[in-house]
Amino acid sequence: IHFFVHQGTVSMTQYDHIATNYLASKLNSSFREDVEYHSFVHRLVLRALNIKDATIINLHQVLAEYRILDLGCGAGYLTRKLREELGCKDIVGIDISSAMIGIGRACEEAHPLGIIYHVSDVQHLVKPEKKFDFVVAFYLLNYAKTREELDRMVQVIGEHLTGSDKGYFLSITGNVCAGENALDPDRYCKYGYRCEVETPLVDGAQIKNIHFNPDSTSFSYITYYFSPRIYEEAFQKAGFKYFEWVPVETASELQKYEDLLKCPPVIGILAHK
């Protein structure tokens, strides 16, 4: 696939060192299924499809006619779900981490779904020969270290989207709209997560994300903060006609996530080209 040829080489990333621990943490996390994935489907996908009642459709075929690009796909958690649970038949996953892509390819080899994986820095992707109906991402833009990197990521997203009525970017990312409230170091400890950041919060601030596994081990990685205004301006510059911050919700009993949902650590993005 010619348009995935990137400029330069992909260096060792922080996820190459923590790929196995990160994957285990996500597989053991009910939050990922109950909040992240549920919100992605019911608050983002169905809205992009203009479906108001999920009970009257077959979710397993809802994306059957859609061509999708999953950026920052990691080991392919969302990529596989788009194929298995939402019926997408044409999907490509991209990640900068060769270790993560290696896990995704191993899963594809063991249980073939027709998913194509590539190792590349999103910022180095060139314009595609054939565009996508949706570009999706679970945690991508919060890895931009500078405003220029954020602008470039959003530009690439726009370049890969079709200009039709489809043409949506759907994402779950860090909740920058909550500011310092979502970055309280101890707010989410009961859910196995802690974040550390210097205050007062400024654009470009490093956020250390620490995850605690059931076996008492932990691992960490770095993301970056930019204000909602910086994000919105990046999408405007890339030619997006619509942008919205979409609050997450839960599919589980509210009591389990009541404290978390008072100030969620994540938020959705719905943007239309």
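Cβ coordinates come from backbone N, Cα and C, glycine included.
Curation plays no part in TrEMBL annotations; they are all automatic predictions.
What TrEMBL annotates here:
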type: DOMAIN; residues: 68-161; note: domain 'Methyltransferase'
- Let me know the model's mean pLDDT on the domain 'Methyltransferase' (68-161). 96
- Using DSSP three-state counts, the residues of the domain 'Methyltransferase' (68-161) come to 40 helix, 21 strand, 33 coil
